[in-house]
Amino acid sequence: DAPHVDHAIFDLNVPILGICYGMQELAWINGKQVGRGDKREYGPATLKVIDDSNSLFKGMNDSTVWMSHGDKLHGLPTGYKTIATSDNSPYCGIVHETKPIYGIQFHPEVTHSTQGKTLLKNFAVDLCHAKQNWTMENFIDTEINRIRKLVGPTAEVIGAVSGGVDSTVASKLMTEAIGDRFHAILVDNGVLRLNEAANVKKTLVEGLGINLMVVDASEEFLSKLKGVTDPEKKRKIIGNTFIHVFEREAEKIKPKDGKEIQFLLQGTLYPDVIESISFKGPSQTIKTHHNVGGLLENMKLKLIEPLRELFKDEVRHLGELLGIPHDLVWRHPFPGPGIAIRVLGEVTKEQVEIARKADNIYIEEIKKAGLYNQISQAFACLLPVKSVGVMGDQRTYDQVIALRAIETTDFM
């Protein structure tokens, strides 16, 4: 049932790089030397470069790489030679003897692979001769022109803002492109952070001059979430309700000069898209993202996603170039479904309030300790289990709060 690529691409005589499953595909096509490994390999491994004269590994030496696979090569594919190994993967890097076709078992695109960027640059620049002319400044100009062309001279846009970096940057970019034809809307879904609606209004309106409307739809969201415990169902409900509310509010906005609201802005990032896609075969959907999978098929507004091809670190760079305050640009991300998916179990006002206050206390303590900017994301979750504890001198038996903090660059 495994998916396969069209064999014709291997006759194009263009550089090809097979990563992880991609390398296994190369091996399968050329002798089917692929099978179940003795053990699944997930985590760091030491890459040993045995042919440093090869262009793919130029400037690289033995280094840490990230593995994530269950199958492995049991032999060298026909017409290939080995250029790198690891303790568990004797064919960690391979190259065709006459064609510019390469395969690697590890993932160079993740930050855990310490020289991954060097490898990708070697492939893209030295082997594919790609021009290094992409800059964030060029992206801003290109995207603004694309937005203007897509929206046209009269159509108007409403935007989903939450106070997070993604939606704020998207809103600022949209304002730069079409000015007051952009209408930002904050929907209070009842599962936002503590005092979030008021804080967002102050920041976006007073600080950034964004035209903002705040809509309190908390009762509507919470009523639809009643009795729901499955996190995936919560995401779908919140996503669908979110769009319903936006469509309803869009009808209340009366643009000038006969203009019409036709587009909905969302701050979807590339990791959101990756997490929401499941290709044919054994690849699994990680989760339905609130900016992608929760959209209604009969949506009356057209979707516009200017950040769809960017990662989180790139969005932050973009935000700084657009003049957004540093504290907002580097604020920890917060999921669209909010506290609803940080309450494991049924979502009620009482449970949301407990999780919300715990999360606020946790973040405040991290800031007091001077650790906030060293952590990429931190949050509290309310678990549907109870445990014995001590408050003062008294025994207690109550729900458990789980705390998590992570470090990452691209949030993959």
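Note: Cβ is positioned from N, Cα and C throughout, glycine not excepted.
The Cβ of ASP166 (ATP binding site) lies under 8 Å from the Cβ of GLY267, THR268, LEU269, LEU307, LYS312, VAL315, PRO333, each of which sits 6+ residues away along the same chain. ASP166 (ATP binding site) carries a helical DSSP state (H, G or I). Positions annotated as ATP binding site by TrEMBL: SER162, GLY163, GLY164, VAL165, ASP166, SER167, THR168.
According to TrEMBL, the feature domain 'GMPS ATP-PPase' maps to 134-331.
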Fill in the blank from the handout: Same-chain, non-site residues whose Cβ lies within 8 A of the SER162, GLY163, GLY164, VAL165, ASP166, SER167, THR168 Cβ center for ATP are VAL161, VAL169, ALA170, GLY267, ARG331, PHE334
Exercise for the section: Find the average pLDDT over the domain 'GMPS ATP-PPase' (134-331) in the predicted model and report it. Expected result: 85
Problem - Number of Cβ atoms other than its own within 10 Å, given for SER167 (ATP binding site) - result: 24
Problem - Long-range Cβ environment of GLY163 (ATP binding site), under 8 Å and at least 6 residues apart - result: LEU186, GLU196, ASN199, VAL200, THR203, LEU204, LEU328, ARG331, PHE334
